[in-house]
Amino acid sequence: MKVREILVTSALPYANGDIHLGHLVEYIQTDIWVRSMKAQGHKVTYVCADDAHGTAIMLKAEDNGVTPEQQIANVQAAHEADFAKFLINFDNYHSTHSEENREFSELIYRRLRDTGHISTRDVEQLFDPEKQLFLADRFVKGTCPECAAPDQYGDNCEVCGTTYDATELKDPYSTLSNATPILKTSKHYFFDLPEFEQFLKDWTRSDNRLQVSVANKLQEWFDAGLTSWDISRDAPYFGFQIPDTPSDEPDKYFYVWLDAPVGYMASFKNLCDKRAGTDDALDFDHYWAQENEHKTEVYHFIGKDIVYFHALFWPAMLAGSELRTPTAVFAHGFLMVNGEKMSKSRGTFIKADTYAEHLHPEYLRYYFASKLSDKVEDINLDLEDFMQKVNSDLVGKVVNIASRSAGFLLKKYDGMLTDVCAEPSLLEDITKTGDEIAAAYENREFSRAMRLIMQCADKANEYIDEKKPWALAKVEGAEQEVQDVCSVAINIFRQLMVYLAPVLPELTANAKEFLNINDLSFASRNEWLLGHQINKFKPLMQRIDEKDVAAMVDASKASLTQVDAPTASQDDKMVAKNTAPAATPSSTEQADYIGIEDFAKVEMKVAHVIACSYVEGADKLLQFTLDVGEAQPRNVFSGIRKFYEPEQLLDKKVICVTNLAPRKMKFGISEGMILSSGDPKTQLTVVTLPDNCVIGDLLA
């Protein structure tokens, strides 16, 4: 077997908050993949870091009365503690606020600049006169310029789905101070992404670099046209200053998304320096130099919401600075809990440390593994199913094999297994299944791997049930058969531990002690324990108690109520502005009426939903393909994602406003608006029509 040299990363958690179960989907997925590849004999290095720059961190530190450096150090310590609880085994964990990251960020920038890929131009932005800083889109709210919905963020409307510039908002206000922002002009630095369009089109479709659905989504962005990427921010900002700026522009900083992916390189370089001169030494250039792209492998595991950065900006930056690009980028979906988005009020927005206080982390590792595939699909943590699956599969099937067999061997045979296997065909069958399991792990088809493993466990339990060693133990002269049956069962249990080791490292470590062995690598699955003595059996896993799950949910409600309570000093103005009741015109006052001729201008048609899907990179939008009775279906974006699963709206008849001017959005062209009712902050309901409504008919 050729030993592959592989570098693996997970997306960098932002140093501004706690790790929760939604984050852990990715880190558990990556850790399982890394452990499985190491178990198969490959040289795999797994690095990560905290994403430690940006305005949000600067403001959070200010709120907490500490320096940004203290803020990110405190958060990083908490992150590393949480990851350790869930057995995430990084080879190195670093920070983007590091000298290595500064060095590589400046190197990439200078190479891009010197080859003509960086330009500057003046940008008009909203500026908070009280805070004395330029406002990022998410720090501005106002009235949507398209549908007039109030309290919408500065980048897109949650009601109608329209994207816009923050300067287009009506009645804007700063979410930081409640002040009315003013317009100011500043020179910004741009990376010329369109210059790399052909390279990116080829790259995204070559060598299985991306999942098919991701490549298809990127094609939509190509069709809409790539735009230059703003890579600069103005002071005050926590991050790295852009080098070599003119003397009249001293306070320009790299935008956080420029140096964040560079953090992968920085963490790896930090590890290379730590290991220099040791037997485990690593050569940075061997993995990142352009000429070594086909000698080593680099894989990024990410969430589907940051595909745009990792599959467009990042490879273009690397190619433009003459560094190697990733071998592949693997995207995953989001976590739902009990079929819905994680909810603070329902106690299903569960922090990592809250979970670990009540339940064993390996329960979650197994459950996630049983749900994860190579697809970009959301997974659902159904708490009832979670309890049943763990108790049934791990306790009732796997651990039960050892517990029901070890007692006979320890009591009557001093823990000795037989010298000859009584059922070689059964063990050979389970050994052969290991090839399928190994392939499933490598292909990130973890749910398939878990199904195959449980099928092996079922065979073992069926064998034990058929042979009934508890009954044989009472039969005079059947001593050898009892030892034979239990020895076969223990050997199957050992094979299952080989297969489950990437998912359940703590369980398998305890199993090694019980089995009196040192090796559970994939290569060892061909080895049988013959004439071997096992140690005393201790319970390896406890059943999940429903009370513990309930306590975890209750604790999540309590802790998040405390964390989310706003302070009066910051939020009173905001609450006053946003919750004051609107004045109601008296009968003698003139309201803002429109004439019938104005309403008649709005064209609304019966539309049939023929396709509905999530929008990569947009956590509020759903994308619809609508038949409105025209020659071609229409593409429409709607900001209702948090209220619906796409499949809930398939084949429905809805109302579409069809004579709105097409709107160019980041994700494509929106050719209409779907009507909904309700409060966009709490619940929107799509207005649906009876089946007997005719597609394309006008509403009047």
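Glycine residues also receive a Cβ, built from the backbone N, Cα and C atoms like all the rest.
The feature Zn(2+) binding site is assigned by Swiss-Prot to CYS144, CYS147, CYS157, CYS160, with sequence analysis given as support. Around CYS144 (Zn(2+) binding site), a 10 Å sphere centred on its CB holds 24 further CB atoms from the protein chains shown.
What Swiss-Prot records for LYS344 is ATP binding site. Under DSSP, LYS344 (ATP binding site) is assigned to coil, being neither helix nor strand in the three-state scheme.
Annotation source Swiss-Prot lists domain 'tRNA-binding' at 598-700, citing sequence analysis.
Taken from Swiss-Prot, the feature motif ''HIGH' region' applies to 13-23. Counting residues 6+ beyond its ends, the motif ''HIGH' region' (13-23) has Cβ neighbours under 8 Å at 48, 50-52, 54, 56-57, 60, 71-72, 75-76, 78-79, 82-83, 95, 334-335, 337, 342, 349-353, 355, 364, 381 in the same chain.
Positions annotated as motif ''KMSKS' region' by Swiss-Prot: 341-345.
Mapped onto DSSP helix, strand and coil, the motif ''HIGH' region' (13-23) counts 3 helix, 2 strand, 6 coil. The CA atom of CYS157 (Zn(2+) binding site) is located 23 Å away from the CA atom of LYS344 (ATP binding site).
The secondary structure of CYS144 (Zn(2+) binding site), as reduced to three states from DSSP, is coil rather than helix or strand. When the alpha carbons of CYS147 (Zn(2+) binding site) and LYS344 (ATP binding site) are compared, the span between them is 29 angstrom. Ranked by Cβ neighbours within 10 A across all protein chains shown, the binding-site residues CYS147, CYS157, CYS160 are led by CYS160. Of the recorded residues, LYS344 (ATP binding site) and CYS160 (Zn(2+) binding site) place their C-alpha atoms 25 Å from one another. One way to see the shell of the Zn(2+) site is to take the Cβ centroid of CYS144, CYS147, CYS157, CYS160; the remaining same-chain residues with a Cβ within 8 Å of it are PRO145, GLU146, ALA148, ALA149, GLN152, GLU158, VAL159, GLY161, THR162, GLY639. The average pLDDT the prediction assigns to the motif ''HIGH' region' (13-23) is 95.
Take the CB of LYS344 (ATP binding site) and look out to 10 A: across all protein chains shown you find 15 other CB atoms.
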